[in-house]
Amino acid sequence: MVNLDSLSLRSPAKLNLFLHIVGRRTDGYHLLQSVFQLIDWCDTLHLKRISENVVRRINPIPGVAPEHDLVVRAANLLKDFCQFEGGVEINLQKEIPMGAGMGGGSSDAATTLIGLNALWSLNLSKETLCALGLKLGADVPFFIFGKNAFVEGVGEKMREISLETPDFLVIFPNRGIATASIFQDPELTRDHAQITIDGFLTSPLLYQSNDCQAVAMRIYPEVKQALDWITQAVPGSQPRMSGSGSSVFAVLDSKTDIAKLKNFLQNLPKGWVGRVVRGLNKNPAYNLISFLQIDL
């Protein structure tokens, strides 16, 4: 094990290539099927080991109390679980929009667990980190899992899936969406027929729908506006929403004029954010972990 004083790791976003709601548990949690694709739209997490027995966030998000800050919660959860004597300073550089349906907060929490497991020399397994991550949010275990996945249950059942890594056009229409506002809506489809992983791999083009999209479009008109922008920018594409929104995306093929597309992005409505991003096959946080020969 390498002894570290500090660590900087990238926290990637994800896209839901499709999202089906297939049922609901008695406790109210929804059962889903989805394919999660990692993308190279990343936050950067800086962790510095300190002797004080405290978790300190250097640049807290305005308006977010520490008890609601996922990276602080993740650090304290791990610290308490291992009864670790010592602390950390956390500096998070945000690039992934909040409330975008791309898992930015969950990814940051996962990277905090991954990074502190190394920084504090805890030697916890991925399975243990995933179990801890699930206490923070349904998407956190996916980012700890670290590979593209066919996801089921409430998000805790994952099977690695081999995906191509194309370019994507992603637009965030500057509208944060609270997941609860979508999943509590009475018009949300909750009985989508289940599919198999083989069914998806055989005919992926048949599975490009998001059951949350119709509800989001009705409540948040910016979602439809963003979908219309992508349709205009990439004619013939099949844009859809990621997660519970509000980000929308389209897969780009090799014929897409990327330079022209980037010019298009400069003319988005004020406050909107758009990027051309590349799909990933692995959480980049693990690239540094592997380089440092830290086992997980």
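Including glycine, each Cβ sits where the backbone N, Cα and C put it.
Quick caveat, the model's predicted, so the values are computed rather than measured.
Cβ environment of Lys14 (active site): Phe36, Gln37, Leu38, Ile39, Met102, Gly103, Ser107, Asp139, Phe142, Phe143, Ser242 lie under 8 Å away, each six or more residues apart in the same chain. Annotation comment: Swiss-Prot describes Lys14 (among others) as active site.
Following the DSSP three-state reduction, the secondary structure of Ser107 (ATP binding site) is helix. Marked as ATP binding site by Swiss-Prot on the basis of sequence analysis: Pro97, Met98, Gly99, Ala100, Gly101, Met102, Gly103, Gly104, Gly105, Ser106, Ser107.
Under the heading active site, Swiss-Prot lists Asp139 (among others), citing sequence analysis as support.
Around the Cβ of Pro97 (ATP binding site), 21 further Cβ atoms fall within 10 Å across all displayed protein chains. Listed in chain order, the residues near the ATP site other than Pro97, Met98, Gly99, Ala100, Gly101, Met102, Gly103, Gly104, Gly105, Ser106, Ser107 are Ala13, Ile96, Gly243, each with its Cβ within 8 Å of the site Cβ centroid.
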